[in-house]
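Chemist: Take this structure, written in structure tokens, and hold onto it; I'll ask about it next.
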Amino acid sequence: MSQNRPAAFNTLRMGEVIREKVQDGITGETRDLQYTQCKIVGNGSFGVVFQTKLSPSNEDAAIKRVLQDKRFKNRELQIMRIVRHPNIVQLKAFYYSNGERKDEVYLNLVQEFVPETVYRASRFFNKMKTTMPILEVKLYIYQLFRALAYIHSQGICHRDIKPQNLLLDPTTGILKLCDFGSAKILVENEPNVSYICSRYYRAPELIFGATNYTTKIDVWSTGCVMAELMLGQPLFPGESGIDQLVEIIKVLGTPTREQIRTMNPNYMEHKFPQIKPHPFNRVLRKADNNAIDLIARLLEYTPTERLGAIDAMVHPFFDDLRNPSTKLPDSRHQTGQVRDLPPLFDFNRHELSIAPQLNHQLVPPHVRPTLAAQGLDIDHFTPMRKEDMLARLD
């Protein structure tokens, strides 16, 4: 175990190299890792995130350092070692180090570094007194759904979808989901805590204290993020759960007894103020019919009525992305180059097995020859068994 204390990060001299024995993020094999130039780029209740340069490759990396409770396996590490996807931040390696106090042990997750977040991108457009271009909203929300379709098919729920956890490479337009600190494999009939997910993005069943929720809580959060990018501000702000519920009711109207039953039956006899719904086309005045239709299908009170992530991907709102002639303008710089869209359809066998009946909608015709050349012919495709797709922890 490394003797480097957390403070070592703060006292690094220019050019000084730290050497660690680490375990590979995929294989678990022990190897040497060297890095230099650390600066704090994020901190919170979980710990600290540092930006570093790996040596000798000079490649940027992020090290997330969290206090490790020795009594438990770290769920974030277990899940990060299982997930491998182009829209999920990659775990390169991990190692343990001692803290300031005698008993303290820190887990260090060495991850790829991605320079921007959807939150910061949204703030940029706010400062410019405008909203994010709709093509960018489509691009980012589609990639988020692609990441969610993958983890949900494994039985994993992220439980903290918000703009701050969506990393962005502004030069390529690639989005990567990060921070699996709240993620969990949901098992049917096993209770889960309801006090997860950040305010503004919490599904109503969580506000109602449900403990038997599903991966559809991530779908609700994604609907909130999508609406926020189009509005330039959170759709359901509120300092408390009650505040948020009031904001949701102001838009969706009062839930029916049946809808309340699907969220948490304990509240069925509760009397709520009777409020009529406020149509989404009045809330999102600039949005077209496809955007309104998608948001309405994501922000449903009844969890089973919400679209699944894979179903959302084939929604007509994303048709522009499937058009081979669509280009991505540089919305940050007046003189910027128009670019190709990043890879959005480089599906693997696992992804094509999630809902094989949708593959002809999911894979645009111009991409099919490329996939077929890799042995993934969607006309003659044998999907993986659902049970083989589920994640298993050691």
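Note: Cβ is positioned from N, Cα and C throughout, glycine not excepted.
Per Swiss-Prot, active site, proton acceptor is recorded for Asp160. Here Swiss-Prot flags Val41, Gly42, Asn43, Gly44, Ser45, Phe46, Gly47, Val48, Val49, Lys64 as ATP binding site. Per Swiss-Prot, domain 'Protein kinase' is recorded for 35-318, and the stated evidence type is sequence analysis.
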Chemist: Are there residues of the same chain, six or more positions away from Asn43 (ATP binding site), whose CB falls under 8 angstroms from its CB, and which are they?
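Modeler: Asn43 (ATP binding site) has long-range Cβ partners Val49.
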Chemist: Around Val49 (ATP binding site), how many other CB atoms lie within 10 A of its CB?
Modeler: 20
Chemist: Work out how many Å separate Asp160 (active site, proton acceptor) and Ser45 (ATP binding site) at their Cα atoms, rounded off.
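Modeler: Asp160 (active site, proton acceptor) to Ser45 (ATP binding site), Cα-Cα distance: 14 Å.
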Chemist: Taking the Cβ of Ser45 (ATP binding site) as the centre, count every other Cβ atom within 10 Å, in any protein chain shown.
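Modeler: So the number of other Cβ atoms within 10 Å of Ser45 (ATP binding site) is 6.
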Chemist: Rounded to whole angstrom, what's the largest C-alpha distance between any two of Val41, Gly42, Asn43, Gly44, Ser45, Phe46, Gly47, Val48, Val49, Lys64, listed as binding ATP?
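Modeler: Spelled out: the longest distance between any two Cα atoms in Val41, Gly42, Asn43, Gly44, Ser45, Phe46, Gly47, Val48, Val49, Lys64 is 14 Å.
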Chemist: Under 8 Å between C-beta atoms and at least six apart in sequence, can you list the same-chain neighbours of Gly47 (ATP binding site), or say none if there are none?
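Modeler: Set apart from Gly47 (ATP binding site) by at least 6 residues yet with Cβ under 8 Å, we have Lys64, Arg65, Val66, Leu67, Tyr106.
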Chemist: Can you see whether DSSP assigns Asn43 (ATP binding site) to helix, strand or coil?
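Modeler: Where Asn43 (ATP binding site) sits, the three-state DSSP reduction gives strand.
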Chemist: Restricting to the chain of Val41 (ATP binding site) and a gap of 6 or more, list residues whose Cβ falls under 8 Å of its Cβ, or answer none.
Modeler: Val49, Phe50, Gln51, Ala62
Chemist: Average the pLDDT scores across the domain 'Protein kinase' (35-318) and report the rounded value.
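Modeler: PLDDT averaged over the stretch: 95.
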Chemist: Counting across all protein chains shown, how many other Cβ atoms sit within 10 Å of the Cβ of the residue listed as 'active site, proton acceptor'?
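Modeler: Excluding its own Cβ, the number within 10 Å is 22.
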